[in-house]
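According to Swiss-Prot, the protein carries these features:
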TRANSIT   1-16  transit peptide
REPEAT    33-63  repeat 'PPR 1'
REPEAT    64-98  repeat 'PPR 2'
REPEAT    99-134  repeat 'PPR 3'
REPEAT    135-165  repeat 'PPR 4'
REPEAT    166-200  repeat 'PPR 5'
REPEAT    201-235  repeat 'PPR 6'
REPEAT    302-336  repeat 'PPR 9'
REPEAT    338-368  repeat 'PPR 10'
REPEAT    369-403  repeat 'PPR 11'
REPEAT    469-503  repeat 'PPR 14'
REPEAT    538-568  repeat 'PPR 16'
REPEAT    569-603  repeat 'PPR 17'
REGION    674-749  region 'Type E motif'
REGION    750-780  region 'Type E(+) motif'
């Protein structure tokens with residue numbers, strides 16, 4: 001047989017393999033010798049003819065475990081994973097003596113689909129039973145299978161049990177973490193690998209660089225680049241392109257340009273990476289110049305290049321250049337039917353306002369490319385062209401183009417943004433009729449109903465979802481919290497916590513806001529404790545905690561959270577200023593404002609609003625005037641809220657004439673909040689003459705603010721101005737405005753009970769009045785002791 005081995009190696013075509021096969025048949029070697037049979041099986045598969053491999057295998061009367069392994073391996077080569085697994089089952093049914101050579105190929109077949117993970121688990125069991133689980137190749141194959149099917153915990157168990165962890169094992173685990181979106185874990189594993197003395201190769205470094213790009217952390221990116229430089233890797237085009245993309249995704253375009261310049265032989269991938277980097281940084285003109293240089297250098301662009309260039313044209317409105325690029329693609333027959341570039345073309349025409357051209361593209365690809373439809377619907381929705389977005393949705397249905405989950409979710413979001421909830425309900429009906437159970441769609445429905453105030457409808461959708469992800473739970477949690485259903489939000493969080501459901505930063509953010517809105521201090525502290533244990537604490541949750549503690553009356557806790565923050569955003573500074581303001585600590589509020597400015601953070605409208613509010617709470621008129629005038633120095637123009645707060649400060653101090661003069665000098669018409677501040681000051685200082693003097697100004701106000709109408713009508717009632725009282729109440733009634741009833745809330749053992757006037761819930765009232773009775777008794781006892 002040895003004389004035939006060079007012949008197998010020299011077979012460079014399917015025809016030559018067939019000729020050798022015929023010769024072996026004539027000589028009779030295929031009937032008794034398994035070696036040429038296995039070589040033929042491999043050769044046919046290598047030439048892309050797995051069916052011929054199968055025929056050779058079936059013709060041999062006594063295939064052994066090794067021959068099965070060869071055919072299984074060949075099926076995996078040819079991506080015939082089901083066939084490979086079927087062969088394995090057949091082998092298991094025929095013999096218990098399975099060669100360890102079989103297992104790596106079967107495990108690779110199982111790695112190709114999550115559906116085959118259960119088979120992979122059984123194969124793993126047989127490997128352990130057969131005592132071959134210490135084989136390095138098998139261990140790496142197990143690692144690969146669990147990693148590729150998303151079962152990272154089992155992959156780590158296999159890895160931890162390996163007596164020797166070589167480069168392949170480490171690289172497989174790092175790649176598995178990256179493929180499953182666990183970028184931080186992948187980088188941690190890479191560090192452990194280096195610390196363990198295992199030298200990474202170029203392939204591993206490319207994976208790590210791509211992970212850094214996804215993470216977007218420049219500090220880590222530079223550290224990895226330094227590792228590459230120290231190890232003196234050969235900076236080939238692939239590694240350079242990865243580094244280039246990494247730096248652009250981390251916001252360091254200058255480093256991307258430096259790496260690009262170092263590439264000696266720039267290919268289409270290099271140029272495309274640089275063009276995409278410019279696009280990512282919104283340097284569209286540089287992207288177009290790079291494309292021009294690429295063409296001049298004789299490098300043929302690919303579809304990815306053209307897609308990036310079209311995006312550049314769209315960003316700066318160069319429609320003529322965009323059409324030229326598309327014409328270039330058509331002339332080179334790169335995209336004859338708009339198939340690949342349809343999405344970029346739709347975005348280009350939409351950005352340039354050529355909506356008729358968008359729809360022309362849609363007509364060309366309508367039967368084939370639902371992505372283009374979705375793109376235009378999404379673009380219309382984001383640009384506020386909600387009617388057009390919904391018109392496209394209707395057009396799709398009319399043309400019998402089946403909307404997918406993205407289409408439905410985008411259309412539902414469009415209805416939400418336009419306040420067209422009835423139309424959103426119709427789409428909801430379509431979702432029910434077509435039995436769409438996609439999580440993205442269901443979450444959009446919860447969001448739409450929640451933001452329109454229909455919390456009951458949102459809750460109904462939520463309760464009908466069988467499998468809820470953390471996003472779904474968060475959508476409902478935020479829905480309750482944003483609509484004032486804070487008790488329900490806290491109850492939902494408790495259920496999540498005690499059911500050991502997955503939580504993330506958004507979960508904690510929503511429940512902290514719920515605790516804040518009803519002043520539930522004990523529950524807020526408990527949530528804070530659980531947040532620390534979970535390791536999910538971040539800038540946003542810290543800022544929410546500051547607000548929560550301040551509103552619940554624990555300023556010391558708010559200060560503790562603020563001081564412990566490693567970094568502070570403008571929202572964090574603003575929240576702390578607001579916290580001091582709520583507690584009348586004007587000196588601390590101003591000191592924090594000054595610290596913020598010294599740290600290099602420029603104050604915005606919200607910061608000044610909180611400073612003015614702090615001045616208002618403490619009655620600090622002179623400070624209020626100073627900071628109101630200071631706004632212009634920082635390029636901030638006072639809006640209606642700033643004026644309302646400043647007028648309130650002046651009015652409460654009794655300086656009503658100055659307040660009125662300020663209103664008249666406003667650069668825009670004063671709204672109900674501004675006039676309401678002046679009216680409230682007049683009520684406090686019993687200046688009905690001023691209210692009568694500004695009666696015409698007040699009657700011109702049209703608003704849906706029930707507080708404004710209630711304040712003014714109550715003043716008229718106190719003064720016996722019944723005609724004006726009736727006029728205002730009539731205006732409220734005709735506008736269908738109702739005063740939102742107030743409520744009280746009390747916290748007992750971390751449980752919050754809410755009640756309003758006329759509350760008849762006996763379970764709550766009994767507990768609440770029992771607690772209040774105890775407080776009354778304590779008060780009476782203290783009074784007796786004092787006397």
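Backbone N, Cα and C atoms are what each Cβ position is placed from, and that goes for glycine too.
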Contact set, same chain, for the repeat 'PPR 14' (469-503): CB under 8 Å, 6 or more residues outside the stretch
439, 442-443, 446-447, 449-451, 453, 455, 458-459, 462, 510-511, 513-515, 517-518, 520, 523, 527, 530, 534, 536, 745, 752-754
Sort out the residues at least 6 away from either end of the repeat 'PPR 6' (201-235), same chain, that have Cβ-Cβ distances under 8 Å to it, and list them.
167, 170-171, 174-175, 177-178, 183-184, 186-187, 190, 193-194, 242-243, 245-247, 249-252, 262
Over the span of the region 'Type E(+) motif' (750-780), how high is the average pLDDT in this prediction?
61
Using DSSP three-state counts, the residues of the repeat 'PPR 4' (135-165) come to 22 helix, 0 strand, 9 coil
Count the residues of the repeat 'PPR 14' (469-503) that DSSP assigns to helix (H, G, I), to strand (E, B) and to coil, and report the three numbers in that order.
26 helix, 0 strand, 9 coil
